[in-house]
Amino acid sequence: MALSFGVKDFIEGAVIAAVIVLNTTVGFFQEYKAEKTMDSLRQLSSPTAFVIRNGEGVAIPAKNVVPGDLVNIKVGDVVPADLRLTWVSNLEISEQLLTGESVPVAKNTETYGTEQTDIPIGDRLNLCYASTIVTKGRGTGITIGTAMNTQIGRIANAISGNDSPAEEEDTRPWRSRWSDKIQTLMGLKTGTPLQIKLSKLAYFLFACAILLIIIVFSVARFRVTNEVVLYGIAAAIAIIPESLIAVLTLTMAAGQMSVQKLWLAGDSGASPEFSAETNPDALEPKGNVVRDSDTTVLEISSLPQGFRQAVLVASLCNVATIRRNLKGQWKSTGDPTEVALQVFASKLGLGRADLTGEGPEAEDRPRPAMGKVIDYGVPEHERDVKFTDDQDKKNKEKRFDLKVEFPFSSDLKRMTTIYEDKRDSQFALVLIKGAAERILDASNSYIPSPEADPLETAPLTPEVRECFMEKYENLAAQGLRVIGLAHRKIPRDEVNGIAREEAEKDFTFLALAGISDPPRPETVGALTGDHISTARAIAQSVEIIGPDSPQSAVMTAQEFDKLSDKEIDALPELPLVIARCAPETKVRMIHAGKRRGKHMSIHGMAGSDVAKDASDLVLTDDNFDSIRVAVSEGRRLFANIQRFILHLLTTNVAEVLLLIVGLCFQDRDGRSVFPLSPIGVLWVNMLTSSPPAFGLGLEKAPPDLMRKPPHSTKEGVFSWPVIIDCIAYGVIMGGTCLANFVIVVYGRYGGNLGVDCNHSSSDICNTVFRARSTTFATLIFQILLYAWELKSFDRSVFSLTPGRAFYKDLWSNQTLFWSVIAGMVSVVLREYSFLSPPVLSSSEKDIDIAVAAARQAFKTTWGKNVTGWERARLLNKLADLIERDAQELAELEALNNGKPVKMARDFDIGDSVQCLRYYAGWADKITGQSIEVDNKSKLAFTRHDPIGVCGQIIPWNYPINMWAWKVAPALAVGCTIVMKPSELTPLTALKLSELAKEAGFPPGVINTVPSLGPVGGAALASHHDVDKVAFTGSTVTGRKIMEAAAKSGKSPHLVFESADLEQAASWAALGICYNSGQDCTAGSRVYVQDTVYDKFTSILVDRVKALVVGDGLEEATGAGPVVSKGQYDRVWGYIDSGKAEGAHVLVGGEKRQSKGYYVDPTVFTNITSDMKIVKEEIFGPVLSVGVFKTEEEAIALANDTTYGLGAGLHSNDANQCMRVSSALEAGTVWVNQYNILNNNVPFGGKKQSGIGRELGSYALEEYTSVKAIHWNFGDKLDWPLY
């Protein structure tokens, strides 16, 4: 980018800057989004804490808690630090974050002996830990650890490696340590394997770009010009896949969305319940309840009375709630076991909300542990969930009314509630649930036949109690959490003031409830907080271990933590089950697995957050089957990343080959010519390659994807097959593009590489432009078709799926399909402009055909075969037709080169008609001379015969005038014509040819062949059957045409003190402004005598400012745009040069911001003779004004040029006019006027401004050959000679 701006190639620099900004923006927002997500996952501490300081309770930020602070905690709080509890009230804390155990832990204030210092974290009941959550009760504790000194902090240290023992310090040589540091700094050591590979690719490509620039500079022998720098930029751009970051980011984002959809569709999580059908939402209180014995569905309206009584206890002796939030999602509060019971009861229509009349309350907007209040972003009237208002709640039946609640006690392990039943005015209902043995202890009866006779009770004897305990043991052995349920009735008048001891006795035992929280069937290992016996039983139930598994397959966290890393690595296999697991145990297990080359994953919901950073994969749905989904999607993404990286890099290889070999293509000045311009390279890399690459990133997985073996982690994305394909296809694509470039340049147009075609847009570069267009189109079509080929690495695009039509496979990825089609259409479509109607370009063969037709006509129907009178008639007829169609021709001229219609119609066309009629008058007056010789018997005379076939090449500034000037004298004397108009302005020449045919000229007399200069012009000038070439144009081109004249000029005006300054200024303005200065006789230099200099320049400025420069189709326009972009750039190049060399801009000199190639007339003063604007022909409205003192100095300044086409002189001194006009070295001199031509006055130049004359009778001589004839009437020759 800096190089582009440095060489003032602002377009390429701006495009490169835009690419950088695009990639940076995409990368920034993606990284920002990722960091916000990770920050949300890592918010583990409470934002505030309630502490007691100086005897007063205050709320402070959690980060300000210090050791020794007395902290109060309650339900819903996130513990701000590690605390030693001093007082608790039914306090239960969820330590799932640390231990992975979902059941809250009941806390107490008991102390432990010194021999119990190695108690696992989960069994330290008098401590609570930072970032755990209070689920029940209240408590107070003394802060014993904050920040990195908490259990969370210790785990963070373990993950980061800061607590590595001294014996494991890095003892490698300093070179290795420094190498690691440098690679880490460069991003080659951190991140995912893909990130590391892409980082390496980036540095490799950067090095290649530097190398390519050096190669380009070395070919130029380190003579670093702007052209060399531009070529180096193009080569460097070609090797960089600019769109890789954007495509990779979009592909990964699309892949993430795809994984989320797969997980959502494949979610098989069931709610914990007795025997209920699975629902998509585990908390949704809907679904059927079935009887386990015969799988019959229980109907809510006909539930057995005994079963209903048990469900009633589970529902009402329960503080958990379930409700829908503002997003329509089901949420719960309370202990997971109670939530499960509440969901179960709600499915039977016996939820607490149904029995007590409590409708679901609108959820308050929650405030997370850290962060802002959640804004759902859903207008209230559009929310999915509508809550009942207060009146609806009042109308709902309220059968049960809670009177007394004895909360769950960790000591008693039970909970009791007392309700009044509106249907029973005498008794209150006492309900109890808790640990089965505690409920049995509080019961004295049971219901023997709950279905047959639910009201009949019997004493709860020891034998019956033992039966219930056996059932309890059986359920527990199945991995169920078992809860006992009982009830009794007491008189209503005993409810008030009843003690807990009085309430919790003499119950009728109803049922045992078993809650299942099974591990996933796909689980292959377990790190759990359960007791070792429970963990072993669960592991056996899902076949993680079998009867023959070794003892080391199941370990406790204490046993595992005592092992060193070396001892762990020495184990034959890692333990399959670790019980009573602490977070640091999980971290060590993950690191141990990684050291064995395993990829580790951990539950995202139930696992410890602190272990997530150490894992390769985090499951957010507690479903290990997600690994299969993730691996499948990961493989698909991996293959697709390989596809689009291969696609992008192959394109880069092709472009590099194209540009490096392109160094061999050099123009006449020794400059290498771009086969593909830098803008073209960026277009291909960003706009052509990016959409198909993104489409490849969305390619579906093949059917056999999961049956393929895993790829090598050492190779990664860049396997050898990928590298070989990249090089091979890149060479093929680059080679075909080079072949097409060579065919166009050397096979079609004779190897003309123009001049300065990397920067210029002049006509001489048209061959290069055509070759570049061909190369560009070839490369794009190959890139697009190659994208389809990459749908499979091992199958042809025509047989991607056996037995299926290939076009169906192409259509299956519509993003790729339409990106390829759109890319192809973009190549085919051309940008048409109403100012540039298309004209077919003729070839050398067409020139041969035209010359042959002209030769045939010359021999048969024209030349000496037609009288002068007939030639005059046809010329006059043609003039009449041109007069008839003057308006149409003028409009075509405006389309041709922007010339105002009025100027073309009233001046150019009128003059051309006069020219034709002038030479029509000469057609029958072509005579020779009779020459007297010495002997009366001899006669000599001359004939003026037509030369024959004339090749005529005319310029773009006066297409109609030049056509008439060339055609009229040639036709008058009997020549036939092959006309090649300028490729920029062919329209009027074609129209004039139509009018010539309409006038009656025989076929073959006038042949118009529009063509490019290096093709048609060169072929015409060198054709062996062309007798004469007439050319008007630049000196550079004229030198190539040996038989022709070149008319160019740097014509001066001399303004003397005796001149009429008003008129002189007007003529000077006409001389430079007419036809926008695109005139070979344009008066581009004005020298003014010093005594009238200031006055003259003031008048001149007024004249220039009065000129209207605008649309040529408007009648008021005095000057239109310049003819082309190339001419526009050329003129502004001279204007910028004049400013740089110190000339003063008197008027103009500023670019318009509007559309079109308009150049306002620019006048320079303070000029010197060595400035480019003074020495070189500009061919635009740029005037240099100088000053002189004497007549001799004025003449010297006027003649100080290599040109000599025209000159102007303004003076009222007749003697001075005679002296100066004689001294001026120019073919035409105008006195007190300028640029006025007459058809009967010859026109031509001196020096490098041309050979021969046009107009007047002198022009006839250019198209006739003088033949001398010597005739002997009777003189005898005596022989032998004496």
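The backbone N, Cα and C atoms fix where each Cβ goes, and this holds for glycine too.
Looking at 13-32, 1053-1072, the range annotated in TrEMBL as transmembrane segment turns out to be 13-32. Transmembrane segment is the annotation TrEMBL gives to one range among 769-789, 958-978, and that range is 769-789. The stretches the transmembrane segment (769-789) and the transmembrane segment (644-663) meet in space: the count of Cβ pairs below 8 angstroms, excluding pairs fewer than 6 apart in sequence, reaches at least three. Listed as Cβ neighbours of the transmembrane segment (201-222) (distance under 8 Å, sequence separation of 6 or more from its ends, same chain) are residues 186, 188, 228, 231-232, 235-236, 238-241, 652, 656, 659-660, 663, 672, 718. For the domain 'P-type ATPase A' (44-159), residue counts in helix, strand and coil come to 25 helix, 48 strand, 43 coil, using DSSP.
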